[in-house]
């Protein structure tokens, strides 16, 4: 047994000459809520499809819950709940009947408890009242909730949720966030693919960032944020003068707007910046030191393609 | 694992059959199949037919309809065999894999997980249900309409002798089973086509075109070397069951051909589907 819920080694997928996923080494610790980030088209969903055995990797291998995939899929997948690339259900069946069908397809599910488990899953996603309606009449948010319910038909050790909040209203987004937290508290590992960074900041313990098919970062969330350099922001009527002071002090990556100047602190002490500004006669209305938001880190990691080609 | 390994559980099969049965389109299709014999019988009642169609293409049951309602069932089977019954099977086959792929339900079934071989087996079982049910529905509807409009009685066989109605009904049942086997072979080809695409209608149309093409090629004498291999070549042999005594050996080519088609195309479907990347 290993303490990784998801482990991949050199996982690669080529479609023709295009490399969709390039030698990805995922390491999702058991019990983690792992935020799987990346811009659209960065290879997140292709990776997830490979993890679940829907598509065969061109190279590499992976394990889920310590079992080799895809050889042991029949044993391990019943313990994995998955939401892959949006909901997919029969439009002319009701929500409840769609869940019944998925449960009937599961050899390891007990028929006797099916109705109770389906009821619980619907309840957890707040869909009990609408479950009798045909799926085709569902709104996008309801469809998404039903897909999450399908992943919760049984107690799972691992949940793979690809964009679970897609199409949900703010209330629904919040509920999903709470749900993910509750599932993690119950001991499940959650692999959460998303591009909503607010989600990640609030629920994730670990982060992996995909960019153009490559996993460019993978660490505990706290480490990822502390790696990033803090910035000093000066609110002032004289941004040009303020920027000059910052430059003299050795701050880098300076930026100026009509009402502020900012720069990366590096080794410079914030106190020193304030006193120098005052000495230079710059009217300071406000001064803050900010750890970069996850968004800044994310753009820094995935936006560098522009820098290179620029 | 304390979870019961219910290997022979019929739950998924029942779910599949139910899925097919509750779909409105399938219900409408079955109603259409059942309507054809009724229309046929009503038309025959209203107009006295000529001597019937030309010879050559299988037995002609039309001329006997007005004498005995039993023949409505046979005539209807003969009429629907060229297009309506194949379309019914093609609809189910198109839905089988391509339909699930198109709706996005395929990826969820596979991650349940349902092993791919098992999924194909269940899907083919659903097609088989349709293949055997459809001729029975046509025959039953034909018998009801025929008996109502033309009455029932002893049946004159193709050999000229007469057999009792009970025997004749039994033979009709065997005819339906024979046609079921023929349509099962068509369904195997359809299941294979269904693994090639994510567009159910594409698979359905392809299979229908294949059936029509096979019938057309079967009509061209210059291609007689090809005829034994055609999917539809022996479908009309069902008339042999109305000889006295029954020419059982005449059904062997049809059954052999169907068996070969089933074997080859189920294998092809498995080979294609078991290794396919599911990107839908």
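Glycine is treated like the rest: Cβ placed from N, Cα and C.
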Given ranges B:101-125, B:126-150, the stretch to which TrEMBL attaches the annotation transmembrane segment: B:126-150
Tertiary contacts of the transmembrane segment (B:200-220) (same chain, 6+ residues out, Cβ under 8 Å): 82-83, 86-87, 89-91, 93-95, 98-99, 102, 186, 189-190, 193-194, 226-227, 230-233
Tertiary contacts of the transmembrane segment (B:68-93), as residues 6+ beyond its ends and Cβ separation under 8 Å: 20, 25-26, 29-30, 32-33, 36-37, 40-41, 44, 58-59, 61-62, 126-127, 130-131, 134-135, 138-143, 145-156, 165, 168-169, 172, 175-176, 179, 183, 186-187, 189-191, 193-194, 203-205, 207-208, 211-212, 215, 235-236, 238-239, 242
Long-range neighbours of the transmembrane segment (B:170-193), counting only residues six or more past its ends (CB under 8 A): 70, 73-74, 77, 81, 85-86, 89-90, 92-94, 96-98, 120, 123-124, 127-128, 130-132, 134-136, 139, 143, 163, 203-204, 206-207, 210-211, 231-232, 234-235, 237-238, 241-242, 246, 251, 254-255, 257-259, 261-262, 264-266, 268-269, 272
